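Notes to accompany the following structure.
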């Protein structure tokens, strides 16, 4: 065969980058577990009709066909999931009888979208989601809890600071309704385009698709301009002179989100009333997240409350969730040359080989070190010691172990400093910071 | 929508099972890292022509098509990978200039096959692979190392004992050649069916597809019957009176594998000369693994040496690898009611809520506990304490924390024993065995 080439939109990291990714995922996962979220994985495929419920994204779906199968597949055609929320909602409905509600779960998996690839946007990428669903009703306090978890998960990583922008659909819809607009959904979709097309075109769109007068469009845009990192946004909204019970409910919920976050982690959250999220299924708080210095690439962590996604017959499971775009986050940072790891392998110690006949002796030393949790490899060959040391050097392995024999003890060398000491495999311990690769 | 139903062949675990799966994967992963394997993930898709190189498996491939795409896809059609070896070989060729050889990597990912589902056989399943590749040549000692790693990875888990059956393609091919058979591949494929169709039908197949005489077929079957847990298989082979240089080479390598394993973990490996592995690409040692009590479901961990899989032009990367079928392993054990976990959530402590107005106080206690690594949730509502305790009980959360106030200190109750003690969030520590869910 000829030398293979990459496929656009399907990123693959080299091992050092994958080590960084694992470190990041591990941090996210352990934070989710500290907050009591249980793990879940759903299958990669969903019935096509399930995936198409969300309308707008239909064009991005990858459909599956078995190679030997005839025809394009009928009612039971399967597609790859494009997010983890739709599969989760389906899982909850399917397994409601076996789950305990409120149900807190996290899910860290690849998703696929047939979009045109560009920087920070992929066809295959890793998402890390948390969601809380309950039966029939879901208290609003969970909407205030999620940003704290994201702040903790990402705050402990060597990445630029993040800021979570929050809004509430009830604020927008209540405001639009209070203004006299009859199609708040259309207004929301127009406002969602503000960053992309600017206020003038949004005003035109509001007139065209939501039937807004000039004054109404102006008020919608004024609302979208409000942005505060404390609860004062509520006063700013009230100054616009619109009143509606749904608006009041949304403002109270949003105040709770912003105040809870301010107490937990000052600067983490900002109320930003232009945040709409394109997806139709959100009904309360919505989240987007910007990483400092990478704002132009869009949100790296988004979500919101959805009251009607997991509904079948009389079963109804309102939920709230948020999703970290792990691949987007890392793709941007790798692209900028940020993030590094102290070595390209997990190995802490290389056992040098005085002669090929001594491979089993070397294996016993390695075994003793591994039993004590020290990642160890045996040298690939009994080449000259200089060559064996270079094997370690090129991979960043910090220590080389020299088996003794004939009365000489074993010794271990820190090949960075050149320090060499006598050692026994059941007692020697590396410096704590050398045990595992360190991500910076 | 109506209530969704499962899709045959696409298993989904409930959270307690997923917790067990994570525990198993974590054990496998940390063992792989202890042996110095670096992590890798490849994309889920490969070009179809790449996947079809392996001939026999073509019928099992899932092909992708974007929903809005026209036609069935041409030369650049993509399919889901059906194992992790073919993608890894492709990755090595594509990135050879950026990798350091010998290259040791592990890869734990889902794979997909359009096979008819049955017990222990799925359409989507998780594999955990290790491989070592080198440029141009690969020393045989790696073939002896891999079984030790699998023994360590699975040996530490609460699952039935495993036994790795090893053979060497050179033994079979050398023997067949020494016998005078001109198509050793065909003979190998016939022998590979021994477990399924029995010796009589295999003899007929040997005659039909490999042109074997009765005596030759009988010798092939005699070879396949040899099975020893020490190096004595080599004598048993020599007793059959066939000689060939490739046979001698294979026997020496197989002796090394069996003896190395016997020293490291007695009983782990057995030389079993009927093991052939259907895939054409193996050229040296081959592995299969049986779990005690589950032998009839086939191998849970397989692999072998491949000299020609990663080859492009003059670049040649011989390798050896082995793959744990995590989903098959767990599916069988779950099906038999084996394996359990001590609770259904990671949560160790539930903070009870005296009143909804005290949610932020409760949040501060939770935060202090989490900062010390204790997984903590705040109660969903300020219901009567009895109801809040039942929330913990139903999930197996061992401790409930009662915030004090007005001069009373906080206290924490072990709801299994009923023991309750005064506590402060920055000092109290749960029993070590209660911190995380325990898998048995």
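Cβ atoms here come from the backbone N, Cα and C positions, even for glycine.
Keep in mind it's a predicted model, so treat the numbers as computed, not measured.
For A:83, A:84, A:85, A:113, A:127, A:131, A:277, A:281, A:282, the entry in TrEMBL reads L-histidine binding site. Here the Cβ of residue A:85 (L-histidine binding site) has 26 other Cβ atoms within 10 Å, regardless of which shown protein chain they belong to. According to its DSSP assignment, residue A:85 (L-histidine binding site) is helical.
Feature annotation from TrEMBL assigns domain 'Aminoacyl-transfer RNA synthetases class-II family profile' to A:102-346.
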Diameter of the L-histidine binding set by C-alpha atoms, the set being A:83, A:84, A:85, A:113, A:127, A:131, A:277, A:281, A:282, in angstrom: 21
For the domain 'Aminoacyl-transfer RNA synthetases class-II family profile' (A:102-346), mean pLDDT (0 to 100): 95
Number of Cβ atoms other than its own within 10 Å, given for residue A:83 (L-histidine binding site): 21
Number of other Cβ atoms within 10 Å of the Cβ of residue A:282 (L-histidine binding site) across all protein chains: 24
Count of other CB atoms lying within 10 Å of the CB belonging to residue A:277 (L-histidine binding site): 18
Nonlocal neighbours by CB distance (under 8 Å) for residue A:127 (L-histidine binding site), same chain, sequence gap 6 or more: A:83, A:84, A:107, A:108, A:109, A:110, A:111, A:323, A:324, A:325, A:326, A:327
